[in-house]
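Q: Here Swiss-Prot flags LYS166, HIS285 as active site, proton acceptor. Summarising the annotation, Swiss-Prot assigns substrate binding site to ASN114, THR164, LYS168, ARG286, HIS318, SER370 and lists sequence analysis as the type of evidence. If you look up Swiss-Prot, you'll see LYS192, ASP194, GLU195 marked as Mg(2+) binding site. Sequence annotations record features per position, and here Swiss-Prot assigns N6-carboxylysine to LYS192. What Swiss-Prot lists as site 'Transition state stabilizer' is LYS325, and the listing cites sequence analysis.
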Amino acid sequence: SVGFKAGVKEYKLTYYTPEYETKDTDILAAFRVTPQPGVPPEEAGAAVAAESSTGTWTTVWTDGLTSLDRYKGRCYHIEPVPGEEDQYIAYVAYPLDLFEEGSVTNMLTSIVGNVFGFKALRALRLEDLRIPPAYIKTFQGPPHGIQVERDKLNKYGRPLLGCTIKPKLGLSAKNYGRAVYECLRGGLDFTKDDENVNSQPFMRWRDRFLFCAEAIFKAQAETGEIKGHYLNATAGTCEEMYKRAVFARELGAPIVMHDYLTGGFTANTSLAHYCRDNGLLLHIHRAMHAVIDRQKNHGMHFRVLAKALRMSGGDHIHAGTVVGKLEGERDITLGFVDLLRDDFIEKDRSRGIYFTQDWVSLPGVLAVASGGIHVWHMPALTEIFGDDSVLQFGGGTLGHPWGNAPGAVANRVALEACVQARNEGRDLAVEGNEIIREASKWSPELAAACEVWKEIRFNFKAVDTL
């Protein structure tokens, strides 16, 4: 018909296309959709595709000025979620032309920007994205990646060890630097600013950076190992963030840090570019992630936030522990840990991976395990996370009865014992406690740590299930 038909029509007439064959250049999304009572799943899935691409609530005559077929998102498959009533996985394909090159910000604004407040849905969760190689190639990704970081640090064949300096707020810069020095001298590779240490009245950023740099170089000179402290460059403005990163570089610090969700993807990508251009490693903290990813039926799964970070750029990112005080179920955690580190990841629904993902040689990100872990967890952590990880013990270092440096010694001895045992073919899952006990015979520091934390458990039911 020549005329334009005004009015409201069902989304599924335009946006539900089960016969569609996805293209290699499409961005694919898997949404967990909970429709309102009476809304059929096809309509709900189509509504998601429409509202996150070209659609609006009514027909508009300007639709005729473009080719909707070329630009619309399409819901191409719907399946019920096993064991859940009235919940569906809706698969949506987006043409690549809907997205600005090299902008995670634009990608997320399109895919999850508006549609989550949509009335026809009771709840909506983005479970996974398939990023096509054509789009990945528009991103720089991590400033350096796993191999380059190992070469810079000259550390191979084992996980790296870190420690978040506690109490996280309230120390003066001088005392803070002292704690950094003691931990690094004792045998850790890194120490870390807490995510909320920025520049507060009790410790301004410049003073902290100076004392931490002094601690790093003193510990390096004494141990003969390369050391680092994650200097948190997160700030209220991008200009201030740059100022902090520049000062870190001028001090000769090896690594800076950013809170990528509170700081935002635009700031994060800018900082990642600066870090690559200036030889700084970039540690990423995921503060605020649980606001977005903790609810099972609404929000975004962390694997999406992790993929977005690999595109935006970061050399380390916090990824749960499986064994500590914070959320993280084993198979699902390992699923997104692989998505961070590996170049090619096969679809595997049992691990929450909805799509095969090819990163086409984008550098990988080291997974950071942090939160309520101590020496007794070391065998499990070594087995679960493998070598390409950073194991961070805050209280598990600074809580040692003899002080910070002995706490660091205990962790390093425990780690080296676990790595050696693994390399000799022993089963860490079965013999873990025995390996730690053996090692503690030769290390009084480790023996004291074993005594303090022998009864600590964080046993709660996992929330992050399929």
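In case you wondered, yes, glycine gets a Cβ from its N, Cα and C as well.
Relative to the rest of the structure, where do these features sit?
A: Packing around LYS166 (active site, proton acceptor) is summarised by its Cβ count: 15 other Cβ atoms lie within 10 angstroms of its Cβ, all protein chains included.
With a 10 A radius on its CB, HIS285 (active site, proton acceptor) counts 28 other CB atoms from all the protein chains.
Classification of LYS168 (substrate binding site) by DSSP places it in coil, neither helical nor stranded. Sequence-distant contacts (6 or more apart, same chain, Cβ under 8 Å) of LYS168 (substrate binding site) comprise ASP194, ASN196, VAL197.
In sequence order, ASN232, THR234, ASP259, HIS285, ALA287 make up the list of same-chain residues 6 or more apart from GLU195 (Mg(2+) binding site) whose Cβ falls under 8 Å from its Cβ.
Neighbours of LYS192 (Mg(2+) binding site), defined as other CB atoms within 10 A of its CB across all chains, total 29.
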Q: Residues other than LYS192, ASP194, GLU195 within 8 Å, Cβ to Cβ centroid, of the Mg(2+) site?
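A: Other same-chain residues with Cβ inside the cutoff are THR164, ILE165, LYS168, ASP193, ASN196, VAL197, TYR230, ASN232, MET257, HIS285.
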Q: In angstrom units, rounded to an integer, how far apart are the Cα atoms of SER370 (substrate binding site) and LYS192 (Mg(2+) binding site)?
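A: Between the Cα atoms of SER370 (substrate binding site) and LYS192 (Mg(2+) binding site), the distance comes to 11 Å.
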Q: State the count of C-beta atoms found within 10 angstroms of the C-beta of HIS318 (substrate binding site), not counting that atom itself.
A: 22
Q: Please give the substrate site's span as the largest CA-CA distance among ASN114, THR164, LYS168, ARG286, HIS318, SER370, to the nearest whole angstrom.
A: 37
